[in-house]
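Student: One structure, pasted below without further comment.
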Amino acid sequence: MKVINDVRDMRRWTERQRLAGRRLALVPTMGYLHEGHLSLIRLARQRADVVVVSIFVNPTQFAPNEDLDRYPRDFERDEALCRQEGVDAVFYPSAQTMYPPHYKTYVITEDLSRVLCGKSRPSHFRGVTTIVAKLFNIVRPHLAVFGQKDAQQLIIIKKMTADLNFDIDIIGAPIVREADGLAMSSRNAYLNKEERQQATVLYKSLQLARREAEQGNRSAKDIKKKMTALIESAPLARIDYVELVDTQTLTAKERIEGETLAAVAVFFGKTRLIDNTVLNL
Ligand code: PAF
């Protein structure tokens, strides 16, 4: 397995793979890999001949008051896990490499990036789309895999890919959960014991939404009220949002019909957790 830090080296390496007729998959990550990431890598493996994992804690997607400095990092462990999963190359650039001094160019996907997580994190998706566009240009993969756990991110990246004519298939991978239902996330590492126990309310609220919808409740207002009450029953939970939105436009739904994204964001102390499920009626 190659570990590549330099943009030109990465380009040369992937160019050789393309010339040899190999299908290339990119799995973009911020490292501190867990089972969720490994499932993305395995999916990439099934769909491509060559798998590149990028590991880069992207500063532009963190606001100044967010957790960039304390974001967990362990490159040695990540490298070993990638090796174990049969990854062909890890792209591990420095912040200086990706954002040299006087860096000026950003990619913005309008509207979709202002709702849900974009309301409390207004510059977040600008950072995500910028770094993903840069990675697409450097690696030039045939396909790229992202987790459904970050549903809004996945929808925005699909839109950016279509709008900017990247010839790349964007694949969404199912959410991987702990035994008690908590969606896997690098940020779970911040939770203390009580927060960790109470964090299961996110998934429970989504299961409640599913049950209500399947039993014929079509009122988004009523389902959101019930989800909110359930989350608020956890004393340490502070709701950022509970939303039922259209899976394409991310606009709020009044009636639960067709495909609906049920999405929640909840703080436990300083840690903000997100989760979602798609209701298909
Ligand atoms: O989902 C993530 O880990 C990040 O947002 C991504 C896509 C790697 C961009 O930094």
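If you go along the chain as it appears here, the first residue is 1 and each next one adds 1.
Cβ coordinates are placed from backbone N, Cα and C, and glycine is handled just like the others.
Pasting the feature list from TrEMBL:
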type     : residues                        : note
BINDING  : 30-37, 147-150, Val176, 184-187 : ATP binding site
ACT_SITE : His37                           : active site, proton donor
BINDING  : Gln61                           : beta-alanine binding site
BINDING  : Gln61, Gln153                   : (R)-pantoate binding site
Student: Could you check which of these recorded positions, His37, Gln61, Gln153, sit within 10 Å of Val176 (ATP binding site), going Cα to Cα?
Tutor: His37
Student: If you count other C-beta atoms within 10 angstroms, which of the binding-site residues Met30, Leu33, Val176 is the most crowded?
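Tutor: When each Cβ's neighbours within 10 Å are tallied, Leu33 tops the list.
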Student: Write out the long-range same-chain contacts of Gln148 (ATP binding site), meaning residues 6 or more apart in sequence whose Cβ is under 8 Å from its Cβ.
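Tutor: Leu154, Gly172, Ala173, Pro174, Ile175, Asn276 - these are the non-local Cβ neighbours of Gln148 (ATP binding site), listed in sequence order.
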Student: Anything within 10 Å of Gln61 (beta-alanine binding site)? Look among the binding-site residues Met30, Leu33, Gly36, Ser186, comparing CA atoms, and list what you find.
Tutor: none
Student: As a check: which entries in Met30, Leu33, His37, Gln148, Val176, Ser186, the recorded positions, place their Cβ less than 6 Å from an atom of ligand 1?
Tutor: Met30
Student: Ten-angstrom check, please: count other Cβ atoms within 10 Å of the Cβ of Gln61 (beta-alanine binding site), all chains counted.
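Tutor: Counting Cβ neighbours of Gln61 (beta-alanine binding site) within 10 Å gives 21.
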Student: Express the distance between the Cα positions of Ser186 (ATP binding site) and His37 (active site, proton donor) as a whole number of Å.
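Tutor: If we compare the Cα positions of Ser186 (ATP binding site) and His37 (active site, proton donor), the gap is 10 Å.
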Student: If you skip the near sequence neighbours and keep only those at least six away, which residues in the chain come within under 8 angstroms of His37 (active site, proton donor), Cβ to Cβ?
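Tutor: For His37 (active site, proton donor), the qualifying residues are Val27, Thr29, Leu81, Gly147.
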Student: Specify the count of other C-beta atoms within 10 Å of the C-beta of Ser186 (ATP binding site).
Tutor: 19
Student: Helix, strand or coil by DSSP: which one applies to Met30 (ATP binding site)?
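Tutor: The three-state answer is coil.
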Student: Work out the three-state DSSP category of Val176 (ATP binding site).
Tutor: coil
